[in-house]
Amino acid sequence: MLTVRAPATSANLGSGFDVFGTALERPADVVRVERAEETTIEMSGAGSEFIPEDPEKNTAGAVAEALDAPARIKIDKGVRPASGLGSSAASAAGAALALNELYDRGLSRSELVPIAAEGEALVSGEAHEDNVAPALLGGFTIAAEDGVTCVDASLPLVVCLPDIVVSTRDARRVVPDTAAVEDVVDTVGRAATLTVGMHRDDPELVGQGMEDRIVTPARAELIDGYDRVREAALEAGATGVTVSGAGPGVIAACYESDRREIAGAMLDAFDDVGVESRAYQTRIGGGATIH
Ligand SMILES: Nc1ncnc2c1ncn2[C@@H]1O[C@H](COP(=O)(O)OP(=O)(O)O)[C@@H](O)[C@H]1O
Ligand SMILES: N[C@@H](CCOP(=O)(O)O)C(=O)O
């Protein structure tokens, strides 16, 4: 079978709601495909018992349909669903790259972004591209109306995933419909700062750019212990902390030398409020790879 490794991703990064995303070096999904008369899906791995194998309800099935590429698809989940780590997107991006290769469709990775986003539309109600873009292209991505821009960054990160489930569909319902002009001005400044920080692999600038007054406060309410975890990470040396994607994952930017301490502090802080969690000491990584 043709095999693709597709990385977890972290979208938004505070100031870039529905626009910014980064590929994470780990964890990742492994997607295997072979040609078939009709699409079937077999799931295994982290949280796979909660993911429908019906191709009409699985993000990989939506991609097979969009590419008109029926296949036997096996997905080994490294990324638990409803995590804020682009779990649904990893499978969609992996399937898009694998089926494009299997059927010789000849599409570029950029051209596969809107196809993989069909999977996101299936599960979250909207074809947001901020997870599938970095899962396919790697690095730090800016998914805008006019297309995706990619920065080849490799900043160290810690992502802490509490044992709480927040579905992206539900977390999109708490996003405010309007924002005050001064908050929009603040967001523009922070988004610009973060983008420069990614170009320079500068944890301080990226950290400053991760602050957000518009979307993140509403999302933080859905995560038990968020404020405590954020404070603990900052005290341990994180340069910025925010909700990863729609949550419940929490992401910290940092220097490599502080990564271990930050991971420990975040785990302890969740533990203090009675929530089990696991931490990934990772960094911005590459896009999906064919094996
Ligand atoms: N291949 C897949 N991988 C992960 N989740 C999937 C997949 N196909 C469908 N889903 C559904 O998508 C939802 C998880 O997606 P989402 O809420 O966006 O979480 P995440 O932030 O982890 O991507 C769950 O309801 C899950 O059952
Ligand atoms: N921009 C989206 C990103 C959702 O990411 P996920 O990893 O939680 O699926 C949003 O914030 O809704």
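A Cβ is built for glycine as well, from the same backbone N, Cα and C atoms used for every other residue.
Pulled from TrEMBL:
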DOMAIN    60-139  domain 'GHMP kinase N-terminal'
BINDING   ARG80, PRO81, ALA82, SER83, GLY84, LEU85, GLY86, SER87, SER88, ALA89, ALA90  ATP binding site
DOMAIN    198-270  domain 'GHMP kinase C-terminal'
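Of all the binding-site residues listed here (ALA82, ALA90), the one with the fewest other CB atoms within 10 A of its own CB is ALA82.
For the binding-site residues listed here (GLY84, GLY86), the lowest count of other CB atoms within 10 A around the CB belongs to GLY84. In this structure, GLY84, GLY86 are the binding-site residues from ARG80, ALA82, GLY84, GLY86, ALA90 whose C-beta falls under 6 Å of some atom of ligand 2. Helix, strand and coil residue tallies for the domain 'GHMP kinase N-terminal' (60-139), in that order: 45 helix, 7 strand, 28 coil [DSSP]. The ATP site is defined by ARG80, PRO81, ALA82, SER83, GLY84, LEU85, GLY86, SER87, SER88, ALA89, ALA90, and by the 8 Å test on Cβ atoms against their centroid, the other residues of the chain that qualify are ALA8, VAL79, ASN131, GLY245. Highlighted here are the binding-site residues (ARG80, ALA82, GLY84, SER88, ALA90) whose C-beta falls below 6 Å from ligand 1: ALA82, GLY84, SER88, in sequence order. Across the domain 'GHMP kinase C-terminal' (198-270), the DSSP tally of helix, strand and coil residues reads 40 helix, 8 strand, 25 coil. Cβ neighbours of ARG80 (ATP binding site) (same chain, under 8 Å, six or more residues apart in sequence): ALA46, GLY47, SER87, LEU161. Taking Cβ-Cβ distances under 8 Å and a sequence gap of 6 or more within the same chain, the neighbours of SER88 (ATP binding site) are THR59, PRO81, GLY119, GLU120, VAL123, SER124, ASN131, THR168.
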